[in-house]
Amino acid sequence: MFDNHIHCHEFPGEELSQYRGEWTLVCVSDDLASSRKTAELDGVVRCLGIHPWQVEKAEPGDLSAVLRMVEKSEAPCVGEVGLDKKFVPHSYGKQVEFFREFLRLARELDLVVNVHAPDAWADAVDMLRRADVDRALIHWYTGPLDLLETIRDLGYYISINPAVAIQKKHQEVAKNADRRIVLLESDGPYEYRGMRLAPPAIRNTVEKLAELWGTPTDHVVEIVEANARRLWRL
């Protein structure tokens, strides 16, 4: 199965090796240093980028260095990139500048954009649209329900996190989203309200989606795996 958003560089090597044998890992990066680590990983889908939380900490030249690394490594994805008005609103202007550059490169090289956008959902989708980005995944989507139709019409995807077991807003998203745009993620190795996020937790997400959708778990897996293969062209 696919884990469409995981911070592989933060896992111990032995644990990551176990997951790599069972899961298709989409490994996102946070900054220049983690992008270097991600670029060296084999047997995963590599996403290089600078996280909105790290934008204000970035050294001069970090952005251009990551952009060059994306081109040189032939990574199929930029991420984790985007906007965040919820946790780091004070750096929003610089976030927009960085996101714009990643979108430009994604459009130029036909890359997937793995997007972080708390409380900036509409802004992020609008920037993706204006940049004419073809493929995007908006991870751990808890944004407006009325934006889901726009996301679908643009050909983009959202990912559902194991937090859906307890996060009511996420449950509403899962129930209302067109099933053709739904993917699964762990966002590991973080914790959410005492829940350790890692690929095995995705099995619980499948069970929750089966409950919310009123469909068997094997049908949920069939849907989300087909969606992931379509996004990643695998």
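Each residue, glycine too, has its Cβ placed from N, Cα and C.
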Further divalent metal cation 1 ligand in TrEMBL, beside HIS5, HIS7, ASP187, within candidate set GLU71, GLU74, GLU80, GLU108: GLU80
CB contacts for HIS116 (divalent metal cation 2 binding site) [other CB atoms within 10 A, all chains]: 26
Of HIS5, HIS7, HIS139 (the binding-site residues), the residue whose Cβ has the fewest other Cβ atoms within 10 Å: HIS7
Secondary structure of HIS139 (divalent metal cation 2 binding site) (DSSP, helix/strand/coil): coil
For GLU80 (divalent metal cation 1 binding site), the number of other Cβ atoms found within 10 Å of its own Cβ: 26
HIS116 (divalent metal cation 2 binding site) as reference: those binding-site residues from HIS7, GLU80, ASP187 with C-alpha within 10 Å of it: GLU80
